[in-house]
Amino acid sequence: MKKIILVAGGTGGHFFPAVALGEELIKRGYEVHFITDLRCKQYIKQDMKVIFHILDLKRSGNIFLFLPRLSIAVLKAIKLLYNMKPSVTVGFGGYPVIAPMFAAIFLRVPIIIHEQNSYLGKVNKFFASFAKKIAISYEKIKNLPEFAKSKIVVTGGVVRENIRELKVIEMSSRGLTTGSKKSLIKALDSVVKPRNDKLFTIFIFGGSQGAKLFSELIPASIQILMQKQPSLELNIIQQAALDDQVKIKDIYSKLNITYEFAEFFDNMALQYKEADLVISRAGASTIEELTYIGLPAIFIPLPSAADNHQYYNAQLLEDEKTGWCLEQNNISAGKLADKILDLISNPKILEDASQNLLKRRKEGHKLLSNLIEEVI
């Protein structure tokens, strides 16, 4: 049985798509090993079928500290790969992949890199010259070296299986000013559970890097929104830290808004299928999931994201009329409230965005697996 190594770490945005790819490759008869770092250890579940290896590389701004750490990590990775004898190594970008990718190059193991964002990251750009193929999610990608263009294959991003099981069902008029809306129902469900036809549900989450800003901005925006449209029936599903939830619950209760909170949503499919609109960061995996199911979103890019890639992701979607980008440095509770009210009051805008999202959907788990099989 041929062995394939996947390398991803740092955040859930890198981790979960790589796991989804691993599951597809296992179905095709490969033995899949996954090298990740300590930060992603929390995401490992017993029912995941890939074989995990923890290889941590701590970041440091001091080159004299980082180089010895990198050297040790590379030696460990060389030993690991030498014993495995993989047919290919696939890296998803970010500094946690550096040591395993160097090890693969040293051992002459073919490498493939996958860039999830619309901006080629520093690590992927460095390894581009060594890669057999470069898989990308967006047809338009910034920061791509001229020499790498011949290696490019557009595969789209990889979406988790439980999200892929969702399908879009056209619903008739829901009775609110929102008119016809889309309800996301699990493919295996035969009966649509009844819900309040007038209820507009907003799903708010900040990803694995946290949502502290949202715990302050969103409640303030909802207060303004309800002042402008008191008859609006809202349901809020929101990621929030425990110490923020009491304060937010008090605000929503006074506004007569139904709500659901969690520090982290383990099964996003359950929340996606209830939502009419998402407010989130603009990480690549989030965008791929929303694209796959045609769920429109207001994106507030994380300013500290490497190379400002979240801004480029969100701006590209806005240019394609598939989402809306509000920069954190320029946003206010009033601006966000106005945008939400505009979308609720003009359902055609939401519906068009949903259709545009579905047009750019790709079966990334299959396309990337096909590419890997070509290289092996």
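Glycine too: its Cβ is placed from the backbone N, Cα and C atoms.
Annotated features, as they stand in Swiss-Prot:
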- Thr11, Gly12, Gly13, Asn117, Arg160, Ser208, Gln310: UDP-N-acetyl-alpha-D-glucosamine binding site (BINDING)
Local Cβ density at Gln310 (UDP-N-acetyl-alpha-D-glucosamine binding site) - other Cβ atoms counted within 10 Å: 29
Binding-site residues (Gly12, Gly13), the one with most neighbouring Cβ atoms at 10 Å: Gly13
Secondary-structure category, per DSSP, in which Gly13 (UDP-N-acetyl-alpha-D-glucosamine binding site) falls: helix
Secondary-structure category, per DSSP, in which Gln310 (UDP-N-acetyl-alpha-D-glucosamine binding site) falls: helix
Most Cβ neighbours inside 10 Å, all chains, among the binding-site residues Thr11, Asn117: Asn117
Set of same-chain residues at least 6 away whose C-beta sits under 8 angstroms from Arg160 (UDP-N-acetyl-alpha-D-glucosamine binding site): Phe16, Pro17, Val19, Ala20, Met268, Glu289
